[in-house]
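These come from Swiss-Prot:
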type     : residues : note
ACT_SITE : 336      : active site, nucleophile
ACT_SITE : 434      : active site
DOMAIN   : 254-442  : domain 'GATase cobBQ-type'
């Protein structure tokens, strides 16, 4: 029977995903059959499994760390935000429906059986299951019907380690405060804590660790310094985009790619391979910032709420900036939702993204998108055009796109379909397929279209090396043998 251990956080973006991924790799290298598990995830950054299901991208990365294909059971409940208060609901990889936050809070008690079923499925094929919580363990206002943190831990009898982030400050209060507000029954599930992202001399925080132990009654299991290798792994949360993507300009920078950040941004891990190119500078811009005229390429990436994001794009004034940029000879590429925005018209007759509506697109490609009930979720392969460079990737979208510019497709798939469109002058293009830039030959071919010589590195090898480095880093600062004794 497999053992399990759960890592919960004092908040979002404290490093849970990275630590679970690193532990997955560390224990896998010891010969254990390890599986990652996240009962409930809220993210628009998703991945497609081999059977055509959908899970959080972070769990796909953790599966890679374990050396196994991603499975829908690794993330049985995925909530994909569509508005400030509502989400699309994915259960065991399949679209189940949509609900407002108040509604799905009440629905969660019915999802516990699904969560426990998936958890058992993983336990049946593993020696160790490493479980990642969601958000904060101390959100006691959401404790009723909880399936993401302590609710799951108690239902499945899985011991918990609490992670605090010292980099954001107040880590003593983070962890001690968690103990203060949760119930004694929940607190009994906790077997210790980790302090993540420490910078400086660790001896200076020995007293801090003792104080956390004193106020919480939990044992300190490790002080983890900031891990530089984490930069080479995809960001899970949109809130981490700036930390991952906007760095200092390199002396090697030759090609500026500007990416507008919109509220419904999705599948932004498409950007990770590009940011590793020494000759590329990725510039993330947010509302209130103009679109730089010196951009070599404007890249519109995926969106979970294409119409709402198109409205936000216009409210930011970027439509005016983009039109002027194109008039001056600028180049634009759209991925998935960004591709849809480039067209002349977007129609949502069924009200899938809100009330039934029809909105004017950016008008840079002669095409129209109609949103339909059926969701396309499939792994694909083929070649880009006209260079005939092979690719593998996946489609994950709602809607069908057609129009005159589709006569000049960007991709040809092996199943006979064509995908994407290119303007007559070749300066505007887009497609639905995600994952293109993770293919080394395809990324090089894409950049070559703009006269940019790409590096000769392997993106997959960089990610693998980063996972190994994170595992080594954790092994230096955590007693992995002792941690294993805490699992049950």
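Even glycines carry a Cβ here, placed using N, Cα and C.
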Review point. Expressed to the nearest Å, what is the distance separating the residue listed as 'active site' and the residue listed as 'active site, nucleophile' at their Cα atoms?
Key: 8
Practice item. Please report the number of other Cβ atoms within 10 Å of the Cβ of the residue listed as 'active site, nucleophile'. Key: 25
Study note, to complete from the structure: Around the Cβ of residue 434 (active site), other Cβ atoms within 10 Å, all chains included, total 25
**Study point:** Collapsed DSSP category at residue 336 (active site, nucleophile)
**Key:** coil
Review point. Using DSSP, would you call residue 434 (active site) helix, strand or coil?
Key: strand
